[in-house]
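K.L.:
Please see the structure below; I have some questions.
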Amino acid sequence: DCELRKAALWGASMDRDKRRLSGVLSSLSLFCVILDLQLHGLSAANHAEIEGHLEMGRKLLAAGQLAEALTHYHAAVDGDPNNYLTYYKRAAVYLAMGKFRSALPDLSRAIQLKPDFLAARLQRGNILLKQGDVQEARQDFLSVLQSSPNNEEAQSQLERVQEVERNVGGASEAYERRDYYGAIALLEKVIEFSPWDPSARELRAECYLQVGELSNAVQDLKPTTKLRNDNRAAFLKLSKLYYSMGEHGESLSQVRECLKLDQDDKECFSHYKQVKKLSRQLEMAEELIREQRYEDAIEKFEASVKTEPRVEVYSTRAKERICHCLSKSQRTEEAILVCTEAHQRDPQNPLILRDRAEAYILNEEYEKAVEDLLQAKELDGESEEIKEGLERAQKLLKQSKKRDYYKILGVKRNANKQEVIKAYRKLAQQWHPDNFQSEEEKKEAEKKFIDIAAAKEVLTDPEMRQKVDAGEDPLDPENQQGSGHHQQWPFEFNPFGSGNYQFKFNYH
């Protein structure tokens, strides 16, 4: 009985366990069905969302809204990282934005996911060729031709790869034998097919430097700052080139870009300090000129020559500006000397001739002033200032051959009113007719006395003196015809014309 009872109990326990297991299995089966339905729903929703991003990306790309299109393609790639077409489409957006470096990984991923994707291989090969990576580009074009032997684009690009290789080799050989123009011609062809190759541009820039074509070297070096990551060497080289060309502002800008990449770069920082100091001196000097503080400006320009004595362009420019300051401050003799030296250094600069002409005018050397201004006009025929200066100098030259009020009184053109009156009093006393006995001497004295009085009248009257300085004679009847104005002055009659007279000279 005991054994039977044990067997019955064991059987009942087994039945309960079977029923429990059956229930669990039934529940698990139901859970899997529900989970499968949910995952299927999520997959369908996710697929629809990806398709929505792709469609929006396509529309925005067609509308030229590249940044917005890229955002949608990013979302599509995140949603389905195994879709080769999504990578290809995002690469197309990168290329449209000019971000060829970002396009390459997407094209490579698309090829990895679908090795027979010929469009992606062609696109990647084209980018690699433009970068100058000819070995890798060749592999892509050969792969396309293996699958599609008649592919015309792949055949054409493979020929370009071979041409680039030949020209790169030829350019290197030409450079080694110092045939710089020959190397430049070959590199022109290389850069035509590989415009994103920094090494080709760097070699051509070096060739331009060797033949003294600094501007062309700059044009080749500029793109390399973007074609290479952290290209501090290019920024520093550009800065030094601009500095040697006299473009200190641009030099400062380029060396700052170098320091942005690494503020502890010793070479860049050393050059930065030099350029900064010189730029500061030159800027302050120009500001002083604008304030008409010519003596202070001269000191700054002289200091700039001490700061940079080796680069000729800065000492030449300093001479030109000192010439201008001396002319403006009416230091005529010094101005003529410095302007002459500046002209010898830079004979094609019309501003130096203009400033020297002004000094010649102040020195009453009108023929030389006209000569300088004629030459300046040949160099810069559009300058209104030079045209007006020439017209004035020609008038002064013509006037000097008639009646020169400054010469009559023996004063400089920059003499002030007190100096004019002092000279007048001295000469008037000297040539007073009462000082002479013979009739002939008196007539000569009368003439001189009238001229002296006229000169004093004109040069102490601001309006008339301005006309004289512009090359006109305010007392010349020819200049008054048709003007509606007749200048009255107290010496237009001859006080010594007839009979006995008593003339008294009053010092006013």
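Quick reminder: no glycine exception, Cβ is built from N, Cα and C everywhere.
Automatic, uncurated: that is what TrEMBL annotation is.
Below are the features listed in TrEMBL for this protein:
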type	residues	note
REPEAT	50-83	repeat 'TPR'
REPEAT	84-117	repeat 'TPR'
REPEAT	118-151	repeat 'TPR'
REPEAT	232-265	repeat 'TPR'
COILED	376-403	coiled coil
DOMAIN	404-472	domain 'J'
COMPBIAS	461-470	compositional bias 'Basic and acidic residues'
REGION	461-494	region 'Disordered'
K.L.:
Is the repeat 'TPR' (84-117) packed against any residues at least 6 beyond its ends, judged by a Cβ distance under 8 Å, and which are they?
P.N.:
50, 54, 57-58, 61, 66-67, 69-70, 73-74, 76-77, 123-124, 127-128, 130-131, 147, 196
K.L.:
When DSSP states are grouped into helix, strand and coil, how many residues of the compositional bias 'Basic and acidic residues' (461-470) land in each?
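P.N.:
Helix (H, G, I), strand (E, B), coil: 8 helix, 0 strand, 2 coil.
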K.L.:
On the DSSP side of things, how many residues of the repeat 'TPR' (84-117) fall into helix, strand and coil, could you say?
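P.N.:
Taking each residue of the repeat 'TPR' (84-117) in turn, the totals are 27 helix, 0 strand, 7 coil.
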